[in-house]
C-alpha cells in the first residue's frame, strides 16, 4: 500500500494511520482566505503592470515589467489551481480513496505544488540579477537586456521548473498524499530510498540557492545605490534612492521569512530518516507561510511604489502632526538620476571631461 511505484495505491496507506489532524472549519477558512486574497492582489498587480507598460515604454523599464508580469501571472495561476484543488479536497472531507482511485488528482496537485513553488523563487532571483545589472552596468543593460532576451529567460525558467516538477512522474514515482491529507508532495513519510531523498534535497537546495542569489544581488544593488548617492551628493544635491532601497529590503525579508522554514524542513526530512510527531503540524504551518509569499509578491514588487509610499507618508504626517521626512525625497526622477550618474561614472568619456576641466580653468 505504501509503495511509491504503484500509482493507483500510492499514498493511501497513510490515510488509515495518520498522525496529523486538522480542524475542517479552520483549514477551509485558511484555504479560502489565502486563495481569495492571492487572486485579488495578483489581479490588481496585473492591472497596474498593464497600465504601467502602456505608459512607460522605455528599455530600462521593459525588462522589469516583463519579469514582474511573469511573476504575478505565475502567482495568480498558482492560487487559482492549487487553491481550487485544496478547497475541493476539504469539501470532499479529504476522502482521497473516493475521488483519487487512479492517483491522477494527487499527481496534478503535486506537480502544481512544486512548479508554483519553485517558479516564483526562480523569477525573484532573475529579477534581482536584472536589477543588479541595471544599476551596476547600465550601458550593458540598455544594449543587451532586450525584451527578446527577457522573454527567452522567462521561457527557460518556466521550462526548468516544469522539468523539476515532472521528474518523479518521468521516473514512475507517484506523488504522495501527506499526513494531513490536504495536499500532495514528494514522499515525506518513512523516507528510505535515495531517490525520494534526492527529490526533497533538490527542491530545497534549488529554493535556497534562489534565495541566496536574490540576497546577494540585492545587497550589491543596495550598496551600489548608496555609493552613487554619496558620489552625486555634491554635484546634484540629494540623490534619492529610498524607494529602491525599501523595495530591496522588503523583497529580501519577505522571501527569506516566508520560504526558509519550508525549504529547511524539506531538507531536514531528506537528510534525516525519522520524523517527530510535531513534524506534520510544523510542515503545514511552514507551507502556509510559503503561501503568504505568493500573496505578498505583488505588494512588494509592484504596489510598494513611490505613489503608495507618498500617500502613506501624508497619512502618517496627518496622524502624527509632525514633519517626518522631506517630500522632495520622492522626486519622480530619483532612480533615473541614479542610473544616469552610474552610467556617467563608468563612461570613459566622462573621465576625460573631468581631466580637461582643470586645464580649461587654468587657461582662463
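For all residues, glycine too, the Cβ spot is worked out from N, Cα and C.
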Quiz item: When TrEMBL marks a stretch as transmembrane segment, which of 26-50, 276-300 is it?
Solution: 26-50
Quiz item: Which one of these stretches, 62-90, 102-129, 198-226, 246-271, has the most C-beta pairs shorter than 8 Å to the transmembrane segment (150-170)?
Solution: 102-129
Quiz item: Are there residues at least 6 beyond the ends of the transmembrane segment (62-90) whose Cβ is under 8 Å from a Cβ of it, and what are they?
Solution: 24, 27-28, 31-32, 34-35, 38-39, 42-43, 45-46, 49, 52-53, 56, 96, 105, 108-109, 112-113, 116, 119-120, 123-124, 126-127, 130-131, 134, 141, 145-147, 149-151, 153-154, 157-158, 181-183, 294-295, 297-298, 301-302
Quiz item: Going along the chain, which residues at least six beyond the ends of the transmembrane segment (102-129) come within the CB cut-off of under 8 Å?
Solution: 7-11, 64, 67-68, 70-71, 74-75, 77-78, 81-82, 85, 96, 153-154, 157-158, 160-162, 164-166, 168-169, 174-177, 183-186, 203, 206-207, 210-211, 213-214, 217-218, 221, 251, 255, 259, 290, 293-294, 297, 301
Exercise. Could you please provide the mean pLDDT value for the domain 'G-protein coupled receptors family 1 profile' (41-301)?
Key: 84
